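Since the structure comes first, as structure tokens, the remarks are kept for the end.
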Amino acid sequence: MEVKEQLKLKELLFIMKQMPKTFKLIFTLERSLFLKLIRFSIITGILPIVSLYISQELINSLVTIRKEVSIVITIFLTYLGVSFFSELISQISEFYNGKFQLNIGYKLNYKVMKKSSNLALKDFENPEIYDKLERVTKEISYKPYQIIQAIITMTTSFVTLLSSIAFLMSWNPKVSLLLLVIPVISLFYFLKIGQEEFFIHWKRAGKERKSWYISYILTHDFSFKELKLYNLKDYLLNKYWDIKKSFIEQDTKILRKKTLLNLIYEIAVQLVGAVIIFIAIMSAFAGKIMVGNVMSYIRSVSLVQNHSQSIMTSIYSIYNSNLYMNQLYEFLELKEEKSQGHKKPIVEPIHSVVFQNVSFIYPNQGEQTLKHINVSLHKGERVAIVGPNGSGKKTFIKLLTGLYEVHEGDILINGINIKELDMDSYMNQIAALFQDFMKYEMTLKENIGFGQIDKLHQTNKMHEVLDIVRADFLKSHSSYQFDTQLGLWFDEGRQLSGGQWQKIALARAYFREASLYILDEPSSALDPIAEKETFDTFFSLSKDKIGIFISHRLVAAKLADRIIVMDKGEIVGIGTHEELLKTCPLYKKMDESENYMNPLEEEGSKWKEALYQG
């Protein structure tokens, strides 16, 4: 839906047309409970007028003193029975209402999380979609239930209103219709405020995300050291307050408008009600109606006033919530990663990868990130990818792993175009350690087992991969068990150093029985000895498989069978270390720069190579 600032009838009708979609969603999630609540709401709506009529008869029988005591007692007991029944229905309805709220909240959250997990990486890198996700998740805990609650409340109020109007019309039809005029007129203005409120929240989704981020870094451990060291607390608090202050001003303005409109509405309704009550009292004095009738008409007026207000508020709530629900539907209808359909599964290990004239451009960017990439990788090869920042190394890996779709050219896996492959079976053949690897605030077993989720309970294999990555810190502390909570977010969590987290992430990658291993800047959090151990393990595990690693340090790249040199999205050199020193000026410059950075140039280089070669 295109967002506009002026309320138009066609927009109102469009929003209200979302109702069938909302009912369909409700029926899909909780059909049985919803129908029960509607039935209870109808019964609840009828009971007030039934109770009112019985009380009228009771008062009239007492005033006239013409009826037998037994009849009066019968009417009284009937009144009590209706009251008890009304309370029973109310409590049962509250129970189902609470149950419905819990179920619908959990199921919708699950639906949104499932949808998020089915989106492509490019969607999470798109600010527009990220804002849409922010709007949806921010209000999902109450907005969908709010619209359902409004429907139920409106059903109850509508039944009560109709029965009350019918009761009053049996006395004075013309006067009764006056009670409906003001709510109908007021409804338009309430809807206009509702739209204004929605658009305010819609526009500030980006700022909401910024304020959440500031709050996040102020309240979590990963940023604590820099916040203290650079004394950022006051700056960030002020930045947060500036954002929230503008929100408070906007919300106060809306609140002021709502309060003023409510005041005008209540005064008008009370005046009309007073006129009707005055007419009823005069009719009683004239002997046209009895005292019990006057009391019941006064209560009927009150019921009409209250429930017309309730209906109007419910319509406002439905309209306002439907604006949100439209955002939810837009998110749920986002295009997902292509269905696997009848695509070909990988039935054997990956033995060849071929990039044929592959180019890639990020959305909303004019220049290609990768340009005409042609390269082949084969089983038994360990390949290093080097190049300056922004040269396209990580984009190459994201295309290879299927996280991005190829725009131009083809990637062939075992001779099959990657677009024709079943991506789940393909990704099952890949084990990767990304530079921004996950630190799951979960158990040690989960942190490792996520590498092969169907083997999560194979702790013997976990012991093996921990030995492979030489996670000695786990052996030296008897307190580390597979059910040990890692991180500090939850109770009894154990925090790890950056290098220890990386070893756990490496164990997760090696837990998978893959045929293509990828390491993205594996030395970023490791000391030289741990770095040497990491590459020893990598070269050992990737034997007879395909191994790829990105590195800024040529001392590790020298050990690869081949080195791919990238610059400005292009491959500018492929070969061994010695070959590239002769044929690739950029590689030679990188090698000279690395040696220059070592104060003991020649000795340092020899020491590093000796360390890597054992």
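Cβ atoms here come from the backbone N, Cα and C positions, even for glycine.
Keep in mind it's a predicted model, so treat the numbers as computed, not measured.
These come from Swiss-Prot:
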DOMAIN    34-320  domain 'ABC transmembrane type-1'
TRANSMEM  34-54  transmembrane segment
TRANSMEM  69-89  transmembrane segment
TRANSMEM  147-167  transmembrane segment
TRANSMEM  175-195  transmembrane segment
TRANSMEM  267-287  transmembrane segment
DOMAIN    353-593  domain 'ABC transporter'
BINDING   Gly387, Pro388, Asn389, Gly390, Ser391, Gly392, Lys393, Lys394  ATP binding site
Output field, ATP shell: CB within 8 Å of site CB centroid, site Gly387, Pro388, Asn389, Gly390, Ser391, Gly392, Lys393, Lys394 dropped
Met566, Asp567
Ranked by Cβ pairs within a distance under 8 Å of the transmembrane segment (147-167), the first of 34-54, 69-89, 175-195 is 34-54
Which residues of the chain, 6 or more past the ends of the transmembrane segment (69-89), have a CB below 8 A from one of its CBs?
40, 43-44, 47, 50-51, 54-55, 57-58, 61-62
Secondary structure of Lys394 (ATP binding site) (DSSP, helix/strand/coil)
helix
Once the chains shown are all counted, how many other Cβ atoms turn up within 10 Å of the Cβ of Gly387 (ATP binding site)?
24
Enumerate same-chain residues with a sequence separation of six or more from Lys394 (ATP binding site) and a Cβ-Cβ distance below 8 A; give 'none' if the list is empty.
Gln435, Asp520, Ile550
Taking the Cβ of each of the binding-site residues and counting other Cβ atoms inside 10 Å, which one has the highest number: Asn389, Ser391?
Ser391
According to DSSP, does Asn389 (ATP binding site) sit in a helix, a strand, or coil?
coil
